[in-house]
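Novice: Sharing a structure here in structure tokens format.
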Amino acid sequence: MFGRKKKSTNPFEEEPSAPPPPSSQYQNQEKSSAYTQRYPSSASQTHSPPPSYRSNSQSDLSNREQLFGDAPSRSRFQARNQYNSSESVPTSDRYGGGRSRYNGSSQYGAGYDDQGQQDAYGSSKWGEDEADQEVSGLKQQIRNVKQDTLASSRNAVQKIREAEEASGNTMNMLGEQSSQIASVDRNLDLAKAHSDRASAKASELKQLNRSIFIPVIKNPFNRASRERKELEAVRQDHSEHMQERNAIRQYEYESKERMERSQRASGRQSANAGFRGRSQSDRQRYQFEADEEDDEVENEIDSNLDFLSDAVGRLKNNALTMGEEVEAQNKVLDKVGRKVDPLSDRLTMTTHRLNNTR
């Protein structure tokens, strides 16, 4: 009840006034303040005591006014400094590297202003730039593809010309080969005729070379029939020889006709090959903002494609002709092979007969 009163912890609660200091203390304080003003020092600066140790409410209010009174002016000053500093920051240091209405950049990225709202003008301009770049890339890609197509068509034309040249040389060789095969067949027929005559002479020589005590006497009663048989044999040999000669001539004529027909067909295709080109609607499907250079490229590509088409037709015609010619030559070669074996046997027999003739 009569205990000691506890000290209040409220910093804003006024404490009882302290007794005034003595006069000597005032004089000492005045001297020290005068010395401090004359020789200022960081060590001589005194700090205000905490609010709980202040002596009066008037100093409390002045300090509070100093702390919070000029807050609006300080906030305006800080905002002005922040705006000035934002102008000095480079665009690359901005958040997102975007654009704004003041310096072309925004902390929210492209197409947005400083408040994070979409900027219609900036986004539309950015979209137009992106579309222009995409269109330029597509145009360059189309140009590159056309140049590659032109180079490929030129190489194809060169290769197909070489193929046509090789085809023509092959057909010429087949024509010469047909003539050589016909000549071999003709010579075999002549060899057969000479072989028959040699065989007959060898038989006659054998009869004449007999002993004089064995004379050759022909039967006079079958003379007519014997002459008739001889004439029939001669006629048959001559007929066979003429048939073979006609067959050889027919083969040579057909071979030559095939070659000429193939050449005439190739000539007609070359004459009708002219530049056909494509319709304007078809060409526009592969063109974008066409100019004179692009038209020249398209014309050359069309010309090369037309030439390739005609050349493929000519090569097909030549291939069919060569196939027919090879088949005809194989047939003649088979017939020549069938002629060679009997002729070889006959020559062997005739030679043996002559060797035995004494």
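Every residue, even glycine, has its Cβ placed from backbone N, Cα and C.
Any TrEMBL annotation is an automated prediction that lacks curation.
Pulled the feature table from TrEMBL, pasting it below:
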| type | residues | note |
| --- | --- | --- |
| REGION | 1-156 | region 'Disordered' |
| COMPBIAS | 25-65 | compositional bias 'Polar residues' |
| COMPBIAS | 75-91 | compositional bias 'Polar residues' |
| COMPBIAS | 100-124 | compositional bias 'Low complexity' |
| COMPBIAS | 138-156 | compositional bias 'Polar residues' |
| REGION | 228-299 | region 'Disordered' |
| COMPBIAS | 228-263 | compositional bias 'Basic and acidic residues' |
| COMPBIAS | 279-288 | compositional bias 'Basic and acidic residues' |
| COMPBIAS | 289-299 | compositional bias 'Acidic residues' |
| DOMAIN | 295-357 | domain 'T-SNARE coiled-coil homology' |
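Show me how these features fit into the shown structure, please.
Specialist: Broken down by DSSP into helix, strand and coil, the compositional bias 'Polar residues' (138-156) contains 19 helix, 0 strand, 0 coil.
Residues 171, 174-175, 178-179, 181-182, 185-186, 189, 192-193, 196, 317-318, 321, 324-325, 328-329, 332 of the same chain lie 6+ residues outside the compositional bias 'Basic and acidic residues' (228-263) yet bring a C-beta within less than 8 angstroms of a C-beta in it.
Across the compositional bias 'Acidic residues' (289-299), DSSP assigns 8 helix, 0 strand, 3 coil.
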Novice: In the compositional bias 'Basic and acidic residues' (228-263), how many residues does DSSP put in helix, strand and coil?
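Specialist: So the counts come to 36 helix, 0 strand, 0 coil.
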Novice: Let me know the model's mean pLDDT on the domain 'T-SNARE coiled-coil homology' (295-357).
Specialist: 89
